[in-house]
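What follows is one structure encoded as structure tokens, with my remarks underneath.
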Amino acid sequence: MLTNLRLVTLSSETSADNNGYQIIEDGMVGITNGKIMFVGSVSDSPLACHNDLHGHPDVIDCGNALVTPGLIDCHTHLVFAGNRANEFEQRLNGMPYEEMAKRGGGIISTVQATREATEDELYQLAIKRLNGLKRDGVTTIEIKSGYGLTLDDELKMLRVARRIGDMPDIKVSTTLLAAHAVPPEYKNRADDYIEYVCQHIIPAAVEQGLADYVDVFCEGIGFSTQQCQRVFETAKHYGLGIKGHTEQLSNLGGSALAARMGATSVDHIEHLDHDGVAALAANNTVATLLPGAYYFLRETQRPPIEHLRKLQVPMAISTDFNPGTSPIASLRTMMNMACTFFRLTPEECLRGVTCNAAQALGLEASRGKISVGMEADLALWDIDTPAELSYRLGVPDLVARIVDGELFYAK
């Protein structure tokens, strides 16, 4: 039992305060075999009859910590080799991306470095990046492939992601993103590459149990809606979930396509129109906001937040951690950016990195809320109010994380 805490449950079973948070003061959480078995006040707990709860061997005093669900980073490209700091300098000096690509930069430079790296090297690099997310209270993370673009290299990336998921203090959902870019070997033959993805990479990932989802980059510099539909159809044939990078730079209709085909989420969506929002609402598809990429690329077109609110589309928030457009390993920074750039409320941001992020990964029945029967994934904070998670940056507020019922103190 965890006692002497203030619970932000984000569960409809708990009444909301004036700011929309579901908070239980003087709260207690009971955990058995990694699952939450009791949520409520101390006076209602199974141990309420004990005169001295603090001395009970099964009780941990949390020091009046504020407790939220463990945070979920539902869109990352954590596994890769190399970095593109030189391109950051070049972009600031006015060099267009197209010119960088001609010089061998851009995504292809990351592909080359990732292909050359061993699995152990990729694993060690990813662990260093992951540590920053853990310090922000992250207990579940999604990791994509997409920097291999060959059968062997895409599977190599997914094996690294699965290996990270074997760690006791983090849960990992894996996504095959072979349809991320056209590799050099298939230059000017995007249709042929999509067939290679559908006929070889997806079946192999399924056979080896390496992928939970399949993702695509539906964009003018990526793949067309017809090509993405082919990938989605193949993924669904093999029983995999689908999601999409859509409407980041233009409006091709990829979000509506993905939603109609059953995607759990569509991500970026700066150029999403009202018809696209309606498609998300009709199909219960999560809109994942990626303010880090918006910031890093100095974009000006914001996602249609008001219309998403109007149609009650759940909004998730994620880092989009990647070497080219969002090298920011801090989910709390994304919460602050979502408030500042997109005008989300702190309460919307907290839901965006907990219950809505869980829904984006198809995990809403097991993670993202503090409720009986859910997995015991929690974050304990030394703060007064939940809004501080979005408001304050650079302060080590995390006390501990609990993952599947196991306690890990912040380092």
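The count begins at 1 with the first shown residue.
Glycine is treated like the rest: Cβ placed from N, Cα and C.
Record check, Swiss-Prot: Zn(2+) site residues include HIS75, HIS77, ASP320, and the candidate from HIS245, HIS271, HIS274 also listed there is HIS245. Checking the candidates TYR147, TYR193, TYR196, TYR213 against Swiss-Prot: the one annotated together with ARG84, HIS180, GLN248, THR325 at the 4-imidazolone-5-propanoate site is TYR147. Within 10 Å (C-alpha to C-alpha) of GLY324 (N-formimidoyl-L-glutamate binding site) lie the following binding-site residues from HIS75, ARG84, HIS180, GLN248: ARG84. In the shown protein chains, 30 other C-beta atoms lie within 10 A of the C-beta of HIS245 (Fe(3+) binding site). When the binding-site residues TYR147, HIS180, GLN248 are compared by Cα distance to ASN322 (N-formimidoyl-L-glutamate binding site), the shortest distance belongs to TYR147.
For HIS77 (Fe(3+) binding site), applying a Cβ distance below 8 Å and a minimum sequence separation of six or more within one chain yields ILE143, LYS144, GLY146, TYR147, LEU177, ASP320, PHE321, ASN322, PRO323.
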